[in-house]
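Asker: Here it is, the structure in full.
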Amino acid sequence: MRITAFLDIPGQDNLTPLARLEKYAFSENVFNRQIIARGLLDVFRDFSNNEEDFLTVMEIVVRLSEDAEPTVRTELMEQIPPIAIFLQESRPKFPTAFFEYLMPIVVRYLTDVNNQVRKAGQEALLILLEQDLVSQSDIENKVCPILLDLSAPDSDDEYKVEAVNIICKMASMLSRTTVEHLLLPRFCELCSDGKLFQVRKICAANFGDICNAVGQEATERLLIPKFFELCSDSVWGMRKACAECFMAVSYTTSPEVRRSKLSPLFISLISDTCRWVRQAAFQSLGPFISTFANPSSAGLYIREDGTLSIRPSVQDVNSNSCQPSNNVTVIASTANAASCSSEQPMEIKSESSTEETSAEVKVPLSVENLNRDTWEASSDCCMSSGEDLSRLSQDDGVVAGVEVAKDISFPGVTSRLQCSEDVFNTFLYWRPPLPDISQELELLQFKAEKHKDSCSVPCNNCVASSEIKKVLESLQEHIDDPDVQAQVQVLSAALRAAQFDSVGDCETRKMEESSGELQNQTISDQTAVSDATCNQVEEDTLSSSMSQDSISEQPTTSVLKSTDSEQHRGTSVFLKKEQENHPPFEDDKSKLQDIIPQPLLDQYLSMTDPARAQTVDTEIAKHCAYSLPGVALTLGRQNWHCLKDTYETLASDVQWKVRRTLAFSIHELAVILGDQLTAADLVPIFNGFLKDLDEVRIGVLKHLYDFLKLLHADKRREYLYQLQEFVVTDNSRNWRFRYELAEQLILILELYNPNDVYDYLRHIALTLCSDKVSEVRWISFKLVVAILQKFYANNASALGLNFINELVVRFRHCSKWVGRQAFAFICQAVVEEECMPVDQFVEHLLPSLLSLASDPVPNVRVLLAKALRQTLLEKAYFKSVGNPHLEAAEETILALQSDRDQDVAFFATIKLRQNNMDSSPTEKQN
């Protein structure tokens, strides 16, 4: 019934419906005016046939919009969108009615004094924009000017907040030109609004939508600087909102900006002093890394339907091999990424975050480890430049005291250096060669003395050490807080690193000497001279550095020692302490790649650290597991070694939610990695999930077919023995688990040959057919039919006949009526799917099916009647004249029509399907 039906009832006033509408629209009773406003859509439909009456109604609406009661205006505004849609459908009659009468009301309500009316107007405007019912001229000349006035610096605070919210929401609905020219300048001003943090927070929360609306060029030119400001805002809520929308912002930027600017910015957020900011940043870390994905390097791309597809690569990449040319690229990109990640955060935030310091300490070490591991893996005798490492350390504000072995003795070094002209190696020639140290020994000693004098002058790291000590002293009062404890540990490590600055100069000089020795063919003769010289430099350096108060805690002895071992590497005391909490060098080299900035990957890999759960988020491991397929897709299968240990750690996590997340995505990860890596690394984890809790097993089960089809046939066949385990669940009431198993088995049938299906899957199907839950039984009957179809489609008639005989014994002669009913359903499905030849059906199944007509249970006879009338007799085989089996089927139908049970007689009646029977031949002919 219409709300305004009372307008059609003739009353004592003897007024026309239009006059009665006007009477109630301007009644003194507020309720009457509300009723009219609420039923305006019905009123327009009633009066749309007459143009004059329609215009009169429109004038009444305009007058009603000026009602003094806010509830009336709110009811009216809620009806504007459906009225606009109605007018759009009736546009040939009233082409300009909406723009002339209703759109001014919407614009006026944006500045209404009542908050509820304004919000109704804002919601109506967004709906109209979403439905594309507002013209471009109205947007530019009416809507945008109002929003710009409301968001002006001198505007009321409440109006400004609402206007900013509308601007952000409508940006995605407008054209790029309109947003860029009209709204973008004001949005940039609002991002720097120093009066209201609510305004900045709305801007930060919707920053990604604005970037997507204006495109890459405007984002990098105007929005990225504002984004840096918001990420360094003093209010933690702003920084948290920036972390949440980081992926959307990164998506609209170029790869260069993403790597050089946004990556260091994200490191600053992930190292924020506020726990909530760090929590949001870690949750966005995986999605942000996924924006670095490149289909050409990953070998995969995402189709329009969201599925992964393999793109053939030019050459297969072996993830276990380590080629020198590839390693050079890794070194260069890692060094650049580390340098960027340490420089940019200092520009963003004045205070030094503890986690940020920790990240800066680790970056130089990882670069040095990479150089060493690449050196060993490629068996090329060369070292990275000491000058570059020193510069990198200065950029980071921390010097990693990495010392180099004095004695370098590798098999085949001399021969390789002698033939360097014939075989060019970019790793040996990535920078200008160093001078020969052995020929300039006196100059080297002079430099050592000069270095000794310079060490007596206080350095910048001394100041940094004193500042760090002050921060540590201020944190002692709150040492019981877990966050403070984590910050103290990181600051202590930074303090030790700063104290080893003087030692780093000596190590840098020694690395130059070692590089010079590698370029000289007489390595063995010059090693002793170089060792003696560097020892002298080291002793002078240590003696001078001990005079500084800021490094009074530094050990008085050096760690430098020389051995004849082929893989000897000298390390400083600081590096040894770092190694106690980190994997050895052999494991570190597996975490290096050149797809994304290395600090981002290091932070992502640290999400499995138990300390993160205490200081950041208790569910941080779940977020890591959720985004791992995206990170793996970004890195590509050639860099799977970077994530392998993390994936294994997550797979053995104590929280079942983490393992469940991995179980639901393991099939996608298998597509990314390919069959070889899947068999080597994922299959063992997959086997573990099969024996896990039901909450974890269901993730594997839902995509069992998708995973098994990626395996080789021999590997896939091993799971035939384990499929039986899915029938047993922790809770017998968890029937959906068995239902999912039956659905997956229907798909899995195509992966195995008929003999394997008969030997293994047949037993599972028959077990599920006897389940206590009817839903499981019905889907299992379809599985049985699919198995029969598998046999006859592959010319395995003998297996099919054996299976049919088993079905007859197991279900037709079952003592329970449910089994006999199941037999009728299976026969009906066999006929519908045509999964076996008709002659085989009428010979082996039809006699047993017709014998159910004398079953004592009506439910069995009902299903028999349906099978015969709705399916069997509809087939052309049974309609042919002279069919010997048609007479038996018709006799059974006649017997069922006279059945004592009404339902059986009803479903067996010919009239029930007479219309369908008459139309079926016509449909087939068409």
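The backbone N, Cα and C atoms fix where each Cβ goes, glycine too.
Per TrEMBL, compositional bias 'Polar residues' is recorded for 516-536, 553-562. The compositional bias 'Low complexity' annotation in TrEMBL covers 543-552. Feature annotation from TrEMBL assigns compositional bias 'Basic and acidic residues' to 563-591. What TrEMBL lists as domain 'Putative WW-binding' is 423-461. Sequence annotations record features per position, and here TrEMBL assigns region 'Disordered' to 509-591. If you look up TrEMBL, you'll see 183-222, 845-868 marked as repeat 'HEAT'.
Map these features onto the structure and tell me what's around them.
Answerer: Across the repeat 'HEAT' (183-222), DSSP assigns 33 helix, 0 strand, 7 coil.
Looking only at the repeat 'HEAT' (845-868), the predicted model's pLDDT averages out at 91.
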Asker: Could you give me three numbers for the repeat 'HEAT' (845-868), the DSSP helix, strand and coil residue counts?
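Answerer: Once the DSSP states are binned, the repeat 'HEAT' (845-868) shows 20 helix, 0 strand, 4 coil.
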Asker: Given a Cβ distance threshold of under 8 angstroms, which distant residues of the chain, six or more beyond its ends, lie next to the repeat 'HEAT' (845-868)?
Answerer: 804, 808, 812, 817, 820-821, 823-825, 827-828, 830-831, 885, 888-889, 892-893, 895-896, 899, 901, 903-904, 907-908
